[in-house]
């Protein structure tokens, strides 16, 4: 199903990330005029495999650039809420073009987007070392420190690259980090020279971000927004402090792109059929025994950006209800349902209790969250390979029952079901 003829369609991660948003974005982007990123940086990551007329496969890796670029008729936009590491942007751009994907004239970057500098990446690593056993588990791409500079009103934005005062502002920013972390090895003047050289190459891509989006929406363009990370990593609503540094909720779409909330017509929540998480932080349904190991192996649960093993466990509908409440999903994309094919029984978390008392909502206090006793419902498995299913009617009855259980609990319909990694392994229910 294509994005709305007019207005904005948003695809958001509903758990802790790695739900498979890129695959749905790839499908929806085929009918989109504009595909936009609203938050995060090159800490997001997914790979799209495209088969040509001869059956030959080409893999395209996306980290910072919107994956809607796969559609040659789609324009990509990096919004004001994104933090941009310019060398990585051009490295990704050049890699895509070497593989035959023509991007020229189809990519635009908001002049208000903040810049990620080399020293941000160094500081990211220093902070992780400083935290030691309490490490959050960042990708060390400099995303957090860049957002920190932004929040402290000392950051540099894309438009600053063309300001004669850029070198002085850059030196001042580096000196501030030296005072905080000591004098780490960093070539300040070399970085300035590199960025000034990149500035001229970047110039044709730069637009007034809010005006660009306003004109797109008002002219009836079909806009697809590719959310980064997921709700449970949101700075305000995630398991703080084990979160990312940006707003990954529906609110981040509005602020990150500079659009009216009334422009948004569809919000698709992407939910994995079980739960995974990378890095530290609470994970109530995590399974450290056979179930977790099976999900990790069968689901090939390794981080796209870092290669780290993802922690695995049963689907947590308490998390999903909280996520649905905040983001207001109009439909769901249930991914990797095929990973559950081999289980005799499948558990689903339906509630939390602390000292025998049912918990309402999702606890903000991590000490309190650590005490929850997860309440599970047990559903029968289907023990059938569903990877070749093309329609909902082809699913085993127990797989249909699993989908319905999720829908009934959340009050939201499942629109798409992923049954394998391929682009064509996606069942559209309505």
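Note: Cβ is positioned from N, Cα and C throughout, glycine not excepted.
Residues or ranges marked as active site, proton acceptor by Swiss-Prot: 18. In this view, residue 18 (active site, proton acceptor) is surrounded by 27 other Cβ atoms within 10 Å of its Cβ, with every protein chain counted.
Within 10 Å of the C-beta atom of residue 46 (active site, proton donor) sit 19 other C-beta atoms, taking all shown protein chains into account. DSSP assigns residue 46 (active site, proton donor) to a strand. Annotation comment: Swiss-Prot describes 46 as active site, proton donor, evidence class sequence analysis.
Swiss-Prot lists 17-23, 45-47, 310, 336-338, 418-420 with the feature GTP binding site.
The IMP binding site feature in Swiss-Prot is assigned to 18, 19, 20, 21, 43, 44, 45, 46, 139, 153, 229, 244, 308; the stated evidence is sequence analysis.
Taken from Swiss-Prot, the feature Mg(2+) binding site applies to 18, 45, supported by sequence analysis.
Per Swiss-Prot, the feature substrate binding site maps to 304, 305, 306, 307, 308, 309, 310. Under the three-state DSSP scheme, residue 309 (substrate binding site) falls in the strand class. Listed in sequence order, 296, 301, 302, 303 are the same-chain residues at least 6 apart in sequence whose CB falls under 8 Å from the CB of residue 309 (substrate binding site).
It is 45, among the binding-site residues 17, 45, whose Cβ has the fewest other Cβ atoms within 10 Å in the structure shown. Straight-line distance linking the Cα atoms of residue 45 (IMP binding site) and residue 18 (active site, proton acceptor), rounded to a whole number, equals 9 Å. Each of the binding-site residues 43, 47, 229 was scored by the number of other CB atoms within 10 A of its CB, and the lowest score belongs to 47. Put simply, of the recorded positions 17, 20, 23, 46, 47, the one whose Cα is nearest the Cα of residue 310 (substrate binding site) is 17. Within 10 Å of the C-beta atom of residue 419 (GTP binding site) sit 26 other C-beta atoms, taking all shown protein chains into account.
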